[in-house]
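Engineer: Here it is, the structure in full.
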Amino acid sequence: MKVYNTLTNKKEEFLPLVPGEVKMYVCGPTVYNFFHIGNARTFVVFDTIRRYLEYRGYKVKFIQNFTDIDDKMIKKANEEGTTVKELGDRFIKEYYKDADDLNIERATKNPRATEFMKEIIKFVSDLIEKGYAYEIDGDVYFSTKKFNSYGKLSGQNLEELQLGARINVDERKKDPMDFAIWKSQKPEEPAWESPWGMGRPGWHIECSCMAYNLLGETIDIHAGGSDLSFPHHENEIAQSEARTGKQFAKYWLHSAFVNVNNQKMSKSLNNFFTAREILEKYDADVLRMFMLSGHYRTQINFSMELLDSTKAALDRLYNSINNLENLLDEVKNEGLRDEELKYRDELQKYKEKYIEKMDDDFNTADAISVIFDLIRDVNTNITIESSKELVKYALDLIRELGSPLGILQKSTKASLEEEIERLIQERQKARKEKDWALADKIRDDLKERGIVLEDTPQGVRWKQI
């Protein structure tokens, strides 16, 4: 298996520190709002990588944190007239709802930064003691010049960074590129007691501390969105390696951005979508397959038209699964014949090809293509004359290859019922808003698929015709 390591800018053989075990840390959300589709891609990508590592037999300890104290949290809490803790509690709950709906497996642990204050203060104290950090008026800064390999992850040159950092620089810092690892308390801000007075941690120290305390001095994989490479991950490396004198993470993985209609997603451009908004209209399988339809290191373009295309492709996959499920009930032949044994062995080549693609830096786009090829083959060669064993083998193989991607696991009957109920809710909403055109379109679209809606005093009922 090969992975692209941002630290070395090349694909490397994946060799974890302990054979058969993987320690993986992914930077999670700042819990002040619902997560958007850009965040969703990061979460889906690394959930898939974790699933695939487990599929290949690794035991994965997967940590994804919650940043529950930082400037954004404080600003939002003040705007809403609530506390930072209450805001964090609320949006952690909302995160779990959306992540569960997106079929993202729960992490081994989701630590909150505020649960690690004692450990963070110890971390900061150790850096001061070792000469890598200094305190001024209750603020503590990390001295980037003291860490000789600063910039090694992002390829940034410290001298060039210093030239670019001289605008609005804090004059108290010894160097413009020094960054805060402990911040003194400001009015109306939550704070904790420390040897430097009341204050709170800087963002970068939080992840370093949680990774150290939950996974140890050196971890196998550290991952996150590409926007975190600098300065967040660069600063994590500096702090962690300055403290321990050991390599912080062996492999660094970064997922690329999501653009919306070929533009960067932003609220000002009115092209900002939360995952929850999309999941109200599309099944999780659709959003996951869309997110995985490009290589994780390549930017993808998001649009409703592209989601519709993904849904149509996914429907074809599920139609084939549905046909196989029906066939399993209908076929009479039992026991694999000689030619079926041979054909079953031929189907194994798809599994081998799938593993080959995923072993090459988790190439989900090509892996999905392999699943389509498998289904085309099965559609052509498995019929009512096939044996139950062969039909079941093909069905199980399709689901097996879909599993690491988090797709194709639903019973088609359950999936259909779920979609119909979702469309009924959408139609009810349209009627409430007097959008009769949309309400009629949903009804007519369902009728074309053989689903008739009946409006009754007890609510909307549906039946297949």
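Positions of Cβ are set from backbone N, Cα and C atoms, glycine also.
Pulled these from Swiss-Prot:
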- Cys27, Cys207, His232, Glu236: Zn(2+) binding site (BINDING)
- 29-39: motif ''HIGH' region' (MOTIF)
- 264-268: motif ''KMSKS' region' (MOTIF)
- Lys267: ATP binding site (BINDING)
Engineer: So which of the binding-site residues is most packed in, judged by how many other Cβ atoms lie within 10 Å of its Cβ, out of Cys27, Cys207?
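Structural biologist: Its Cβ has the most other Cβ atoms within 10 Å: Cys207.
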Engineer: Among all protein chains shown, how many Cβ atoms are found within 10 Å of the Cβ of His232 (Zn(2+) binding site), not counting that one?
Structural biologist: 18
Engineer: Helix, strand, coil: count each for the residues of the motif ''HIGH' region' (29-39), based on DSSP.
Structural biologist: 3 helix, 2 strand, 6 coil
Engineer: With DSSP assignments reduced to helix, strand and coil, which class does Cys27 (Zn(2+) binding site) get?
Structural biologist: coil
Engineer: Taking the center of the Cβ atoms of Cys27, Cys207, His232, Glu236 at the recorded Zn(2+) site, which other residues in this chain have a Cβ no more than 8 Å from that point?
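Structural biologist: Checked against the 8 Å cutoff, the neighbours are Trp203, His204, Glu206, Ser208, His222, Gly224, Leu228, His233, Asn235.
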Engineer: Would you identify the secondary structure of Cys207 (Zn(2+) binding site) according to DSSP, in three states?
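Structural biologist: Reduced to three states, the DSSP call for Cys207 (Zn(2+) binding site) is helix.
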Engineer: By a simple count, how many Cβ atoms lie within 10 Å of the Cβ of Glu236 (Zn(2+) binding site), its own Cβ left out?
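Structural biologist: So the Cβ neighbour count for Glu236 (Zn(2+) binding site) comes to 27.
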